[in-house]
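Below is one structure, written out as structure tokens; the observations come after it.
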């Protein structure tokens, strides 16, 4: 902690993929900043992340009317504009020229793993230059893969969205004979989003056999993907219930040969897998070629969707818990910084107890930068194609449950005629 009194302007940087609640953190920073008029003179926003810093393109957020922030808070997408730019050593002179010209003394870097890396690089350079500035990383990522923090703002909302989508999609799939549906969701290295689709099972209040409710199979990057096992799992599920709803994290493409499925690559070297439907198409064709099915019910109906970018910023679908937590990390970042804290990330700490409650703490940036939090084995089922009850206890307070869904329970009547054999033509 640096107890030296600093006075000057604050800069907020939104970086990486937007979320449904990223602007709650922005609003939290703006709200708490008003408590420190002597220290924080003005609050600027970098227009499109680090790009805005390099090109001296700032928004004067202090000039906004206070009443606008309640609407900004609930709006998805990065209100300041985002960018996936990794600061190069050749950029550092420019960054500190801009900081100095605009008297930037407080930097709030709102983002995920790559943003933590960028914040750490800028912090280290500030030390070398003896430039007085405090930098705190405000966590944000739908992937939920930041170390130390219990969970990441943005995750609860995407978990809610994908679970609602899969709950409906499974009923859609159930409407047809011989139907197999594959849904590819985000999650390059960690399977937290794919796992969250299992919440869809919790919405069926009247189905005695939980095995009937999808998603029936979930594949995570934490588990080595084996095509033979995948096909065996699908075949067993089809043999049991005559259909299958499958969820796959985009990250299994790494194990199948990422170059076959990726679109572009960003400046941090991350393949952009969500912009392509190639993985879903590949798995769909694999099933079509290998699944043994009952031809009496017609042809095999195998479809694949890549949920893509829609899942992370669906308006009106943000989790209430996620909104509260996102605002909290933003506002607490200001309070921590005014106490002299720097070079750290704000973390969420779940308080033990029957009812969900979270507090905040801090961790060193070096514990987060260039690191990934994977799902623990205890949250993955023994067949490595689903989740355990421990995961439900973790995720449900963050995302909430899906609406209560019902399925018809009426019995089939007794047949009076011979089975019908339908002519091919």
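Glycine residues also receive a Cβ, built from the backbone N, Cα and C atoms like all the rest.
Residues or ranges marked as active site, proton acceptor in TrEMBL: 143. Non-local contacts of residue 143 (active site, proton acceptor) by the CB criterion (under 8 A, 6+ apart in sequence, same chain) comprise 112, 152, 155, 186, 187, 188, 189, 190, 192, 193.
Listed in sequence order, 82, 112, 141, 142, 312 are the same-chain residues six or more apart from residue 17 (diphosphate binding site) with CB atoms under 8 A from its CB. Summarising the annotation, TrEMBL assigns diphosphate binding site to 17.
For 113, the entry in TrEMBL reads Mg(2+) binding site. Its Cβ taken as reference, residue 113 (Mg(2+) binding site) is surrounded by 24 other Cβ atoms within 10 Å in the chains shown.
Counting every protein chain shown, the number of other Cβ atoms lying within 10 Å of the Cβ of residue 312 (substrate binding site) is 26. DSSP classifies residue 312 (substrate binding site) as helix under the three-state reduction. Summarising the annotation, TrEMBL assigns substrate binding site to 141, 142, 143, 186, 187, 188, 250, 309, 310, 311, 312.
Among the features that TrEMBL reports, domain 'Phosphofructokinase' is placed at 10-336. Per-residue confidence over the domain 'Phosphofructokinase' (10-336) averages out at a pLDDT of 92.
According to DSSP, residue 114 (site 'Important for catalytic activity and substrate specificity') sits within a helical segment. Annotation comment: TrEMBL describes 114 as site 'Important for catalytic activity and substrate specificity'.
Of all Cβ atoms in the shown protein chains, 31 besides its own fall within 10 Å of the Cβ of residue 140 (site 'Important for catalytic activity'). Summarising the annotation, TrEMBL assigns site 'Important for catalytic activity' to 140.
For residue 187 (substrate binding site), the number of other Cβ atoms no farther than 10 Å from its own Cβ, over all displayed protein chains, is 29.
Max Cα-Cα distance over the annotated substrate binders (141, 142, 143, 186, 187, 188, 250, 309, 310, 311, 312) is 16 Å. A straight line from the CA of residue 113 (Mg(2+) binding site) to the CA of residue 250 (substrate binding site) spans 18 Å. Within 10 Å of the Cβ of residue 310 (substrate binding site) there are 11 other Cβ atoms, across all protein chains. The Cβ neighbour count for residue 114 (site 'Important for catalytic activity and substrate specificity'), using a 10 Å radius and every protein chain shown, is 22. In this structure the alpha carbons, written CA, of residue 114 (site 'Important for catalytic activity and substrate specificity') and residue 140 (site 'Important for catalytic activity') are 11 Å apart.
Neighbour counts of Cβ atoms within 10 Å were taken for the binding-site residues 141, 250; the minimum is at 141.
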